[in-house]
Amino acid sequence: MTKKYVLALDQGTTSCRAILFDRDSNIVGVAQKEFTQHYPKPGWVEHDPEEIWSTQYGVIAELMARYNVNPEEIAAIGITNQRETTVVWDRNTGKPVYNAIVWQCRRTAGICDELKAKGLEEKVRYKTGLVIDAYFSGTKIKWILDNVEGAREKAERGELLFGTIDTWLVWKLTGGKVHVTDYSNASRTMIYNIRELKWDEELLAELGIPASMLPEVKPSSYVYGETDPNVFFGHAIPISGIAGDQQAALFGQTCFEPGMAKNTYGTGCFMLMNTGDKVYESKNGLLTTIAWGIDGKVEYALEGSIFIAGAVIQWLRDGLKLIESAADSEYFASKVPDTGGVYIVPAFAGLGAPYWDMRARGTIVGLTRGTNKYHLVRAALESMAYQTRDVLSAMEADSGIKLQALKVDGGAVANNLLMQFQADILGVPVERPVNIETTAMGAAYLAGLAVGFWADKQELVAKYKVSRRFEPTMDEQTREKLYKGWQRAVTRAREWEVEE
């Protein structure tokens with residue numbers, strides 16, 4: 001039977017999706033289902049790995065049935081996933097020893113403080129490209145080994161396995177035959193040496209993590225194994241692409257050359273710039289991370305994460321009840337020519353790159369008697385664009401590369417007012433692609449390339465279509481005046497929360 005499709009599995013923080021792409025990179029079908037978020041204590045976030053698997057498997061089955069797809073028509077499967085989220089399971093039974101600890105979970109902040117007190121920050125940054133933070137997998141693994149009864153003993157005996165979500169899904173899809181991850185996901189664990197491309201023995205010893213738990217690290221476009229026919233509707237299909245969600249979006253946006261960048265506007269924002277074979281050590285609060293491994297080489301990226309982006313619009317809707325739906329924000333914001341001098345700094349959970357200020361809190365500044373709800377809605381939207389400029393300035397400073405255009409994706413990019421303001425405040429064009437499912441697209445591309453479904457990256461570049469290009473129209477003087485106002489507003493939000 002002709003191989004017509006590539007199946008992308010997009011395992012996100014709140015939902016599992018299965019998306020089918022054809023040779024022309026068109027979406028043939030989508031199935032999606034949300035799963036449960038567990039909050040056992042304030043600041044703790046967990047997922048049930050078995051529920052993630054059953055939900056992911058369910059959407060695959062739903063997709064095949066709804067669009068009448070024969071598994072034989074699928075050339076390959078690509079996986080993209082929420083990064084850093086940590087699963088530890090028993091090698092023999094296949095059962096998790098604890099819930100998955102999600103990337104947002106802050107329970108290991110104390111372990112991070114201990115590592116910082118030991119003076120390990122420079123070493124961790126040099127080896128892993130990351131800052132010491134509860135966000136990454138390393139301290140989560142340590143927490144499970146230290147706090148789940150019998151876990152450490154089992155791990156020492158070689159009976160436990162660790163994986164990020166990609167690893168867990170491949171293990172399940174192959175019927176427990178393959179324990180693997182890719183370079184991009186490994187680079188988010190805080191225990192992987194991104195220069196030497198191996199698990200770092202010194203950091204493993206520091207955290208007390210046995211090397212026997214760790215998956216083998218492979219390229220992002222590579223045949224890792226095949227689905228177990230008993231699991232996958234009687235068929236053995238190659239699993240041949242893996243990348244963490246943000247790296248997958250960079251690939252899906254065809255940012256294949258150094259200096260190309262994309263920004264994903266979701267709950268938060270994630271901006272990545274391809275830096276080719278260069279490992280830039282950030283002096284400006286960015287992360288250095290592996291973009292992907294393909295064609296026998298590893299390429300790197302600079303990454304800046306903004307904690308609150310689209311979430312500020314949800315807050316206007318649910319917290320303040322200023323709007324009824326997220327789509328209203330563009331209409332309300334367009335009622336006024338500007339914010340009337342109002343700035344909102346949405347530091348609800350501290351500030352991410354380039355500040356990394358956990359004690360910053362949200363502020364609204366510049367209010368006058370003339371301020372109305374339209375000004376507030378507009379200021380909330382503009383905060384996403386200002387934060388993006390903060391990150392871009394840091395990237396340009398670290399890499400010495402001047403951005404030519406910003407490629408964008410994610411839910412909020414449908415907002416034309418936001419995209420135009422983004423182009424204006426950056427002073428560079430903003431490109432919105434026809435297909436905004438770039439994360440799944442990236443996973444599909446990586447998988448398809450590994451099995452020859454697509455010939456090479458050039459073929460993918462030719463398929464990339466821009467739906468709209470927003471050119472900057474603001475003059476330099478206005479742009480800099482507005483941005484200086486934003487910088488002043490940020491200083492008001494910094495270090496607000498005081499330790500009791």
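Cβ from N, Cα, C; glycine included.
Among the candidates THR264, THR267, THR363, THR368, the residue that Swiss-Prot annotates alongside THR13, ARG17, GLY310, GLY411, ASN415 as binding ADP is THR267. TYR135 is the residue from TYR39, TYR126, TYR135 that Swiss-Prot records in the glycerol site together with ARG83, GLU84, ASP245, GLN246. Excluding the listed site residues THR13, ARG83, GLU84, TYR135, ASP245, the same chain places ASN81, GLN82, THR85, VAL102, TRP103, ARG188, GLY244, GLN246 with Cβ atoms within 8 Å of the centre of the sn-glycerol 3-phosphate site Cβ atoms. The binding-site residues shown are TYR135, ASP245, GLN246; of these, the one with its CA atom nearest the CA of THR13 (ATP binding site) is ASP245. With a cut-off of 8 Å between CB atoms and residues at least 6 apart in sequence, the same chain places GLU84, TRP103, GLN104 near TYR135 (sn-glycerol 3-phosphate binding site), listed in sequence order. Cβ proximity to the glycerol site centre (mean Cβ of ARG83, GLU84, TYR135, ASP245, GLN246, cutoff 8 Å) flags the following additional same-chain residues: GLN82, THR85, TRP103, ARG188, GLY244, PHE270.
Taking CA atoms as the reference points, ASP245 (sn-glycerol 3-phosphate binding site) and THR14 (ATP binding site) are 13 Å apart. Under DSSP, GLY411 (ATP binding site) is assigned to a helix (H, G or I) in the three-state scheme. Closest to SER15 (ATP binding site) by Cα-Cα distance, out of the binding-site residues ARG83, GLN246, ASN415, is ARG83.
Between the binding-site residues THR13, THR14, GLN246, the minimum number of other C-beta atoms within 10 Å of a residue's C-beta occurs at THR14.
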